[in-house]
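Record features (TrEMBL):
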{"type": "TRANSMEM", "residues": "56-78", "note": "transmembrane segment"}
{"type": "TRANSMEM", "residues": "98-116", "note": "transmembrane segment"}
{"type": "TRANSMEM", "residues": "149-170", "note": "transmembrane segment"}
{"type": "TRANSMEM", "residues": "182-201", "note": "transmembrane segment"}
{"type": "TRANSMEM", "residues": "222-241", "note": "transmembrane segment"}
{"type": "DOMAIN", "residues": "454-537", "note": "domain 'Cyclic nucleotide-binding'"}
Amino acid sequence: MNRIFTRPASHLRHIRRTLTQHSATATAPNPADELQPLGILWRYQILDPNSDIVNLWNHIFLITCIISLFIDPLYFYLPYVGSVACMSTDNDASLTITYFRTLCDLFYLLHMLMKFRTAFVAPSSRVFGRGELVMDAREIAMRYLKTDFIVDLTATLPLPQIVIWLVIPATKTKGTGHANNTLALIVLIQYVPRLFVIFPLNQRIIKTTGFIAKTAWAGAAYNLLLFMLASHVLGAVWYLASIGRQHSCWKEGCTNEFHSVPPCYLEFLDCNSLGSLEREYWLNSTLVLARCDAKNDDSDFKFGMFADAFTSEVASSRFIEKYIYCLWWGLRNLSSYGQNLTTSTYIGETTFCISLCIGGLILFARLIGNMQTYLESMTVRVEEWRIKRRDTEEWMRHRQLPPELQERVRRFNQYEWLATRGVNEESILRSLPLDLRREIQRHLCLNLVRRVPFFSQMDDQLLDAICERLVSSLSTDGSYIVREGDPVNEMLFIIRGQLESSTTNGGRTGFFNSITLRPGDFCGEELLTWALVPNSTLNLPSSTRTVRTLTEVEAFTLRAEDLKFFAFQFKRLHSKKLQHAFRYYSHQWRTWGACFIQAAWRRYKKKKLAKELALRESFHLMSIPGQESYYSDEGDSDDGVDEISSLDSPNKAQHLGATILASKFAANTRRGVIQKVQIADSASSSLKMPKLFKPDEPDFSEEV
């Protein structure tokens, strides 16, 4: 069965009207359409409470809250003593203060809107980690309405504007307008919700970023500013209470003279009545001026601690002058807990002094204590280093170390302080995640490591692993890094400074070799040879050289276990290219090569000398006459005589005689050459270099 769905006529008319409006606006673009993406973005954008924009807004709003707390007490300075026995209100200052106060209220309103769009962490997910954020706008709004909405709304209301511009003028009657100045104290009521806003905001910033100020100076200035703000509020309240105390005295005296002749009207206490003949006539006969004069010691009305406002003519001064004086008054008495105040028996006055003493004690202990903590944190490293140095000095004196050893310890401590400023870099790096630690080590060490020629032959992956395990090392001049024959437990790569590397080839007599190691060189290559051996023993290799610092040295070290890890983990360390680089930059191999070349050269010189001596002897013997009889008289060639007797022909006998003569000459020549060579050897024995053993060949071949 087919069903036909019909729509009401009103619905169809609505559809036609919508289509008509759409067709009418299709040709001409509506400027409001350009703002639609922003509206959608605001509608669906939920902010992370730990994001940068929320953190920035919290800092801005915190500054705005402090400014608003500074602006509110300025309303208390509006009333002033305009002339003799009259008061007035500073309307120009009131307009300026109201303008800035309204701007601050707008920031409070924006903060409420931000809270409607800021996510929160679900309480049930706080068991582990940061917790899970609730991004639903409805849940965020409901939670905010149930928790902080009332407090934020109360803090946002423009109460001072309402009191100053609406309540006081509405309750003002003839001559009684300034009697209502005590209503301005209602402004202080709004301080309670605003404090409930600023203190959680402060804690939220600390929870998100870990600190309220990045530097110690900023933290100290922040706490000092809060203490100054409390002094500002205290001075403003004292000024308003002084004005109220003066007005109450005038009002009491005027009420007593109401039935006298001439009578006193309360409107006379308003400066708007200046110039009135009745007021002038009353001033000439009244006793109110003498009774309510704070400078009159005979008056029965006691101003107590409020007398300074009139004896110093603060109440009749300009706005900026009375503000500075009241700020000084509040700062002086808040820091001294009101000990210098002289009060009367007026209950309100004594209550004010008690509150001042208690509040000053709490604020001084809290804010000034925080300020002291921030300032001490600036010198905590210096103090720790001073204590460490003092303990070191006491220990060296107690152990009776020799003066030269004590001086070396002092130089090392001083050099360590200049290099690190007392910061333990290894503990900081160990507290970071592995990936972040690797990136930091790469940033700090990679460029320095590449300055070492041996490392420049390696690829980036191997260099990253090396940078991760490098340990910084500091050494003062005159320190021994390693001595010849001691086990080598680390390989040192020089970054700054110079070292002397020397060897006696195991203590052999007459052998000494010394070289200077500079930035880019390394020592302890015996450890690399040991690490590359596939089945090396646990015993560390012995050093073949003595390494001593000539200047202050900064270097990186690789420990034995780290080199062993590289040898087994990275097969690219077993390449021929690294083998040649190791031999070329190793000073141990360079020394062996130099000694090998020197030994070969000296062998060549000895052979050359022997040949020259033999040649000279031969020429010398050929030039001497009668050499034949010399050879025939030797008597050491009996075989030659037998051969001569057996010859048959005279020509053969003549050739045979020449042969015998030549053989005798050669034998004699060899005998003389051997003697000359022995003499030359004995003469050059002092120049002969002992044999230097070839360094152990590292196993650069890959394991199968």
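Note that Cβ sites are derived from N, Cα and C of the backbone, with glycine treated the same way.
Sequence-distant contacts of the transmembrane segment (182-201) (same chain, six or more residues past either end, CB-CB distance under 8 Å): 58, 61-62, 65-66, 68-69, 72-73, 75-76, 78, 108, 111, 148, 151-152, 154-155, 157, 159-160, 163-164, 167-168, 171, 233, 237, 240, 244. Away from its own ends, the transmembrane segment (56-78) comes close to residues 89-90, 93-94, 97, 100-101, 104-105, 107-108, 111, 114, 160, 163-164, 184, 187-188, 190-191, 194, 197-198, 201-202, 204-205, 208, 225-226, 229, 232-233, 236-237, 239-240, 319, 322-323, 326 of its chain (Cβ-Cβ under 8 Å, at least six residues beyond either end). Outside the transmembrane segment (222-241), and at least 6 residues removed from its termini, the chain residues within Cβ reach (under 8 Å) are 66, 69-70, 73-74, 76-77, 79, 181-182, 184-185, 188, 191, 212-213, 305-306, 309, 314-315, 322-323, 325-331, 333-335, 348-349, 352, 356, 359, 363-364, 367-368, 370-371, 374. Averaged across the domain 'Cyclic nucleotide-binding' (454-537), the predicted model reaches a pLDDT of 80. Across the domain 'Cyclic nucleotide-binding' (454-537), DSSP helix (H, G, I), strand (E, B) and coil residues number 21 helix, 28 strand, 35 coil.
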